[in-house]
Every structure is written in structure tokens, then in C-alpha cells.
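Peer 1: Below is the structure I would like to discuss, written out as C-alpha cells.
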């Protein structure tokens with residue numbers, strides 16, 4: 001009996017997987033809906049009756065689960081990098097010519113793949129022994145959230161690929177323009193574009209709900225494969241064989257007139273842009289040969305063997321309803337045009353920044369005017385020009401702050417409120433402090449912060465740690481569960497690295513790169529920085545000795561660490577047990593050899609891909625440079641090194657092998 005049940009379950013699974021492939025991948029179904037539904041219902045019944053036979057590759061998982069997702073944050077096995085960008089065809093052609101020249105010099109036949117750049121949500125799929133093990137969002141490139149339960153419901157994501165292989169794939173999850181408009185119309189809180197809706201669906205905690213949304217996916221890159229694949233073309237053939245959905249508009253180019261053929265393809269895709277059923281915002285080019293990719297390598301931001309050509313922004317016409325003046329955390333005054341809602345490149349636009357008075361005067365804008373609106377880079381709404389002048393004169397920014405009514409001062413082209421007690425500036429500081437890139441206090445959204453501030457519950461970042469949040473229980477939107485989550489998030493923020501706290505203080509010109517420069521020059525604690533800054537003259541000399549810190553930044557650091565308000569905040573956080581020194585694990589591990597050293601890489605390595613190796617070395621405190629210059633401390637050389645080795649030898653730069661590095665430092669700790 002048991003064997004008969006098991007055999008029937010296996011038979012049903014195989015049949016349904018075959019029919020899914022025929023329908024979703026091959027577009028040639030061999031059975032009707034009734035036959036398919038009957039088989040699926042039978043399989044669901046048997047798996048519920050005999051749960052011991054249910055497996056992680058069952059087609060029934062496509063219908064979600066009633067278990068609630070927790071979206072655990074997990075470290076990516078490989079850094080998930082961005083792409084270099086080109087904004088005109090000349091730039092793109094130069095890149096193609098550069099790749100062709102480098103490939104030719106290294107003895108490679110040049111081939112390049114090209115495909116539309118989907119404007120969706122990036123996802124990384126991890127397969128172990130041929131079964132989907134996890135699905136991580138891009139996150140910050142190092143850590144992503146595991147949304148596997150929701151990704152399993154997407155019809156074109158194979159749960160099992162039929163071979164015991166390991167794969168790490170990048171893809172783009174999207175929703176069509178038509179479905180976006182249809183779904184958005186039914187929601188109480190509508191989304192600005194299809195990408196945001198897709199992201200919202202992916203983060204729903206109940207995967208049963210996700211099944212009801214028509215999410216789709218294109219897989220476009222292999223980050224790792226246990227199979228031997230030599231080219232992108234080989235990889236695409238293999239992915240098709242496994243049942244993944246690939247973009248049908250992807251093309252491979254090689255041979256004569258390479259640049260010309262690619263440019264013609266790009267222009268053709270751009271001309272057809274509005275006809276695509278999903279949003280695209282450019283074309284991505286990639287070197288076809290994987291061995292050449294390894295030689296070309298990576299910067300800390302992007303692979304050198306790929307580039308994204310960004311389309312020109314689409315435009316629409318709208319009318320200015322009102323112009324409001326906003327105040328940022330720095331006190332910067334920004335005029336914003338509120339316009340009649342208009343759809344551009346798949347996003348509803350209702351407002352656009354006007355930058356400053358000079359910009360308003362340059363286009364001659366006032367309330368009631370009809371204007372051309374674009375999304376620059378298909379992201380940022382902008383008023384490009386006045387199409388029809390229906391008002392008299394230009395809008396004038398008041399000479400007083402809309403929040404505190406104090407007089408504004410002009411610095412360059414912008415107006416600023418310099419009142420340290422300005423309510424909107426203070427609120428901006430609190431929002432920045434809580435933001436994901438700073439203290440990352442989950443649950444304290446901008447709306448929640450505005451509510452707490454306007455109700456006089458908080459008046460600075462410090463109040464977040466002294467306010468009794470239990471007072472919120474019973475107020476609209478604040479139940480016991482939500483308040484407890486807020487309290488837990490605030491408590492967890494005390495464990496953030498010191499560099500995050502330093503960034504969260506919002507000190508002018510003190511961004512994360514400058515903070516890392518301080519840390520790598522033994523200024524890795526509050527005590528060290530504040531002690532140095534007590535002696536202004538010595539502090540200036542010491543800070544200017546750090547490459548990358550100029551006079552303006554140095555003066556702002558010294559000024560901040562002599563400011564009583566800022567010092568009082570640091571001392572408050574110190575008493576609460578915040579980390580006031582950057583952990584050695586975040587700076588340098590087990591040896592001072594790599595600490596602060598500037599390095600570059602050439603050639604390929606058997607043990608690690610180049611971007612993984614770069615990540616491992618930078619975690620030890622070293623600083624990666626994408627090009628050889630006299631400022632390097634060493635060049636790391638692998639097999640088949642390029643011209644960087646010759647240049648490094650000419651400059652007298654130290655040459656090291658991976659063997660040399662591993663003799664000095666344990667890279668795998």
C-alpha cells in the first residue's frame with residue numbers, strides 16, 4: 001500500500017513538472033486545465049494525507065503556506081554588485097572597443113551578450129543538490145532577506161532542476177505593466193510603480209497571499225556553478241535546459257562590426273520600449289567568455305566585464321498644483337512642485353524637486369503652469385521645462401524658514417535655515433539616525449517618527465532611549481505586538497558598530513568612506529577622535545595627513561567634536577552601553593599586515609573568484625584600488641596576469657602571490 005501511494009505521488013509530481021515546463025517555458029501545453037487541476041488536487045490530497053512523502057521540490061509548494069515568514073537576513077555567498085553605467089551610445093561604444101582590445105591582447109575571441117534591463121526586484125537563487133535552498137533579496141550587496149517561501153510560489157522558478165548540481169543565480173522578479181495597473185487600482189494604499197509593488201508582494205508574511213499575485217521572473221546571470229561552463233552562451237543553454245525563464249530578447253554578438261551591431265540592437269530595444277509588457281530602463285552588455293571575465297575582474301562597485309546602458313528619461317505633461325518648501329536635516333531649503341498625477345515609465349508621479357531659486361528662474365516656473373515632467377535615470381522625477389505659461393512671474397522662495405520662521409541664509413545656490421532648534425531639522429536628524437544605513441531601527445518609519453515628534457513624545461534621538469513606549473499601547477495603529485517590536489528594535493540598535501553610530505550623528509561631510517579612513521588610521525573610537533580634536537592645531541595636521549581628507553572635512557570633524565550638543569549625545573550613548581570603538585573584527589583580523597594597505601589584483605585564481613578574494617582581503621582592513629598607481633602598497637598576481645603587472649614593476653610596487661598572502665593572514669576566518 002505504502003509503495004503504491006509513494007509511486008502515485010512520484011508519478012503525479014513528474015507529470016505536473018513536465019506540464020509546467022510545457023506551459024511556462026516551451027509555451028506548448030499538451031494537457032488542458034481540467035486534467036492539470038485534477039492531478040494537482042490529487043497530489044495535494046495525497047501529500048496532506050501522507051506528509052512523510054512530501055519533499056522540498058513538490059509542485060504543491062507553488063501554492064504557498066500558512067506558516068508566517070520571518071525573512072531572516074543571511075549573508076550572500078558572493079558580493080552582489082551593481083553595474084557600471086553608460087548614458088549615451090558613444091560611452092557604450094568606447095566600452096565595447098575597450099573590451100575588444102583587452103580581449104584581443106589577451107588572446108580571446110571577443111563575444112558580448114546583450115539583453116533588456118528589467119526594472120524589477122533583484123533576487124539571488126541558491127540551489128543545492130539541484131533543489132532550491134534559499135532565495136535572497138539583494139539587500140546591501142552583502143546581506144539579503146530570505147524570501148524563499150514567497151519565491152517558491154512563482155511559477156517560473158524551478159524548485160528542482162533534475163540534476164544534483166550547485167547553482168547561485170541572479171534574476172529579476174517583476175510584474176507586468178497591465179497587471180500593475182489592475183492590482184494597484186484595487187489596493188487601499190497604492191504603489192508608485194510596478195517595482196515597488198513587486199517588492200511589497202515579495203515581503204508579504206503569508207505566502208498563501210503571494211500565490212494570488214502574478215509575479216514572474218527572468219534569470220540573467222550565474223554567480224556560481226558546480227558545472228564547467230565556459231561562456232555566457234553555454235550558461236544560457238544550460239539554464240534553459242533546467243527550465244529557467246530567460247529573456248527572449250537576449251542576443252549574442254561577435255565577429256566583425258561588433259560595436260555597430262550592438263548599437264543597432266540597443267537603439268532597436270529603446271524604440272520598442274513602450275511595447276514591452278514589463279518595465280525596462282536600459283540594456284545590459286556582458287563579456288561572453290567566463291575566463292576573460294575572471295581576468296578583467298571587478299571594482300568594489302561593479303564587474304569590469306559588464307555595463308548597463310541607461311535609456312533617456314521618458315516624459316509626460318502635467319500641471320503644477322502647488323509649490324511647497326521643504327527643510328532637510330542640514331537646514332537646506334528645497335522647493336517641491338506638487339503636480340497633477342501622471343504616469344511615467346510605469347510610475348505615478350505627483351511631485352518633483354525644483355532644487356533652488358536659480359532653477360525655478362531658469363525655467364520660468366510658477367503655480368498653475370503646464371510643465372514637462374521626466375524621471376531622470378527612470379528614478380528621480382524632474383520638471384524639465386514650462387510647456388504652457390498660465391501664471392504671471394516666477395515662484396519666489398520666502399526668505400524665512402517655513403518651519404521655525406527664522407531668516408534664511410544663502411550658501412552658493414541654496415538657502416539654509418541655521419537655527420539649531422528648527423523642528424523640521426531636528427525631525428530630519430531623527431529620521432536619518434533611525435534609517436537603515438545608520439542605526440537601522442526597524443519599525444520606526446518616517447511616518448511613525450513624525451507622529452511621535454508631533455505628539456511631543458520625542459524631541460531628539462536621545463528620547464528614543466528614554467521614552468516609555470508602552471504609553472502608545474491603545475493609540476490608533478499601536479497594539480501590544482507592534483510596541484514590543486519597536487522596543488526590541490530600539491534595544492537591538494545599541495549593538496550596532498561604532499562606525500554606524502558615528503554616521504548616524506549626521507556630522508557634516510562625515511560619510512561612511514571618511515569614517516573608514518579614520519578607522520584605518522587608528523582613530524577607531526570616540527575617545528581617540530574626541531581626544532585628538534581637543535588640540536585643534538595638532539588635529540588639523542593629523543587629519544590632513546590622512547589621504548582622502550581635505551581641509552573642509554578636517555575642519556568639520558574638529559568643529560563637531562568640540563560641539564557640546566554632539567559631545568553630550570555621544571556621552572549619553574556611551575553611558576547606555578553603545579559600542580564606542582570599532583570592533584577589531586570590523587577593522588583588521590589576526591595581523592596588522594593588511595591593515596590600511598592599498599592593493600590591486602591582476603590575473604585569475606583557482607581557489608577564489610576575484611570579487612570573493614577582494615571581499616576577503618578588504619575585510620582584513622585593506623583598501624582595494626581598481627587600477628595600478630604609485631599609491632599602491634602591493635599588487636596581488638594570479639595566473640595569466642594582464643598589463644597591470646608590467647605597470648606595477650615599472651613603478652616599483654611590491655608583487656605578491658596568493659600563497660604569500662595566505663602565509664601572512666588567514667583569509668578564511
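Glycine is treated like the rest: Cβ placed from N, Cα and C.
The following feature annotations were taken from Swiss-Prot:
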type	residues	note
ACT_SITE	117	active site, N6-AMP-lysine intermediate
BINDING	33, 34, 35, 36, 37, 82, 83, 115, 138, 172, 286, 310	NAD(+) binding site
BINDING	401, 404, 417, 422	Zn(2+) binding site
DOMAIN	589-669	domain 'BRCT'
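Neighbours and distances for these, please.
Peer 2: Neighbours of residue 117 (active site, N6-AMP-lysine intermediate), defined as other CB atoms within 10 A of its CB across all chains, total 22.
DSSP assigns residue 286 (NAD(+) binding site) to a strand segment in the three-state reduction. Packing around residue 286 (NAD(+) binding site) is summarised by its Cβ count: 21 other Cβ atoms lie within 10 angstroms of its Cβ, all protein chains included.
Within 10 Å of the C-beta of residue 422 (Zn(2+) binding site) there are 20 other C-beta atoms, taking all protein chains into account.
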Peer 1: Within 10 Å of each Cβ, count the other Cβ atoms and name the one among the binding-site residues 83, 404, 417 with the highest count.
Peer 2: 417
Peer 1: Where DSSP helix means H, G or I and strand means E or B, what are the helix, strand and coil counts for the domain 'BRCT' (589-669)?
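Peer 2: DSSP classes over the domain 'BRCT' (589-669) add up to 25 helix, 17 strand, 39 coil.
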Peer 1: May I ask for the distance between residue 286 (NAD(+) binding site) and residue 401 (Zn(2+) binding site), taken between their Cα atoms and rounded to an integer number of Å?
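Peer 2: On Cα coordinates alone, these residues lie 50 Å apart.
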Peer 1: Spatially, which candidate from the recorded positions 35, 83, 117, 138 is nearest to residue 422 (Zn(2+) binding site), comparing Cα atoms?
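Peer 2: So, of the listed recorded positions, the one sitting closest to residue 422 (Zn(2+) binding site) is 138.
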Peer 1: Beyond 401, 404, 417, 422, what residues of that chain have CB atoms within 8 A of the centre of the Zn(2+) site's CB atoms?
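Peer 2: After dropping the recorded site residues, what remains is 327, 331, 402, 403, 405, 406, 408, 418, 419, 423, 424, 425.
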Peer 1: Please average pLDDT over the domain 'BRCT' (589-669) for the predicted structure.
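Peer 2: Within the domain 'BRCT' (589-669), the model's average pLDDT equals 78.
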Peer 1: Looking at the binding-site residues 35, 138, which sits with the largest number of other Cβ atoms within 10 Å of its Cβ?
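Peer 2: Its Cβ has the most other Cβ atoms within 10 Å: 138.
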Peer 1: DSSP three-state call for residue 35 (NAD(+) binding site): helix, strand or coil?
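Peer 2: Residue 35 (NAD(+) binding site) sits in a helix per DSSP.
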Peer 1: When you measure from the Cβ of residue 401 (Zn(2+) binding site), which residues in the chain that are at least 6 apart have a Cβ under 8 Å away?
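Peer 2: Long-range Cβ contacts: 327, 333, 407, 408, 417, 419, 422, 424.
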